[in-house]
Amino acid sequence: MTSQDALKKQAAEKAVEYLESGMVVGLGSGSTATFAIHAIARLMKEGKLKDIVGIPSSTPTEEVARSLGIPLVGFEEHAVIDVTIDGADEVDPDLNLIKGGGGALLREKVVAQATKKNIIIVDESKISDKLGTIFALPVEVVPFATASETRFLESLGAKVTVRENQLGKAFKTDNHNRILDADFGPMDDAVKIGMALSQRAGVVEHGLFLGTTALVIVAGADGIREMKAA
């Protein structure tokens, strides 16, 4: 395990301390959230967490949770999630996020908006003063609109890359859409950018998670610290 993975695991272990038996839990996506899923499964097997059900935010997360024996449900059974534990690609001092590095930003945002308390787990390298400083903004678009939305993002000042998979072909999301990675640099007004993107017909969703997070657990060389919403 790398030192970065060890930090992620520490943060995940701290996050699951906020779970209680009987909860509906949102299961995040990506390597950091996977550590939390494993921790949840272990606590269930030990009998320390009972009657937990999960709502996964991506197909890979669903597969991991099923393999570990975590019961899964949909929004048809539970429209409200008690706690979601997820990672992030970047976090600012106000707990606003950039997410979508793994391409699951649409379902992740649906889960986040249905959640009473969102807990984000990151290592120290993901913290910045302004969103866009360390990570480009993922924007999910319908394939038909790839070129037009690329031009629109460029008109806003972003350098845009069409995300590719490991085979060098266009990356497809769980919903069969494309991802444009828009590098704005440090954003002075992330809210304004988010609003502009939300008005575009070809944009399915963007990776700005603004005002959804209650708690960020940060793992660093000096240990664990918590950032809470004001």
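From the backbone N, Cα and C atoms, a Cβ is placed for every residue, glycine too.
Residues annotated as substrate binding site in Swiss-Prot, with sequence analysis given as evidence: Ser29, Gly30, Ser31, Thr32, Asp86, Gly87, Ala88, Asp89, Lys99, Gly100, Gly101, Gly102, Lys126. Secondary structure at Ala88 (substrate binding site), as computed by DSSP, is coil. The Cβ of Ala88 (substrate binding site) has Leu97, Ile98, Lys99, Ile120, Val122, Lys126, Phe209, Val216 as same-chain neighbours under 8 Å, each 6 or more residues away in sequence.
In sequence order, Gly28, Ser29, Ser57, Ser58, Asp86, Lys99, Gly100, Phe209 make up the list of same-chain residues 6 or more apart from Glu108 (active site, proton acceptor) whose Cβ falls under 8 Å from its Cβ. Under the heading active site, proton acceptor, Swiss-Prot lists Glu108.
Taking the mean position of the Cβ atoms of Ser29, Gly30, Ser31, Thr32, Asp86, Gly87, Ala88, Asp89, Lys99, Gly100, Gly101, Gly102, Lys126 as the substrate site, the remaining residues of that chain whose Cβ falls within 8 Å of it are Gly28, Ala33, Glu108. Least packed by the Cβ count within 10 Å, out of the binding-site residues Lys99, Lys126, is Lys126. Each of the binding-site residues Ser29, Ser31 was scored by the number of other CB atoms within 10 Å of its CB, and the largest score is that of Ser29. The Cβ of Asp86 (substrate binding site) has 29 neighbouring Cβ atoms from other residues within 10 Å, across all protein chains displayed.
Pairwise Cα distances among Ser29, Gly30, Ser31, Thr32, Asp86, Gly87, Ala88, Asp89, Lys99, Gly100, Gly101, Gly102, Lys126, which the record gives as the binders of substrate, peak at 16 Å.
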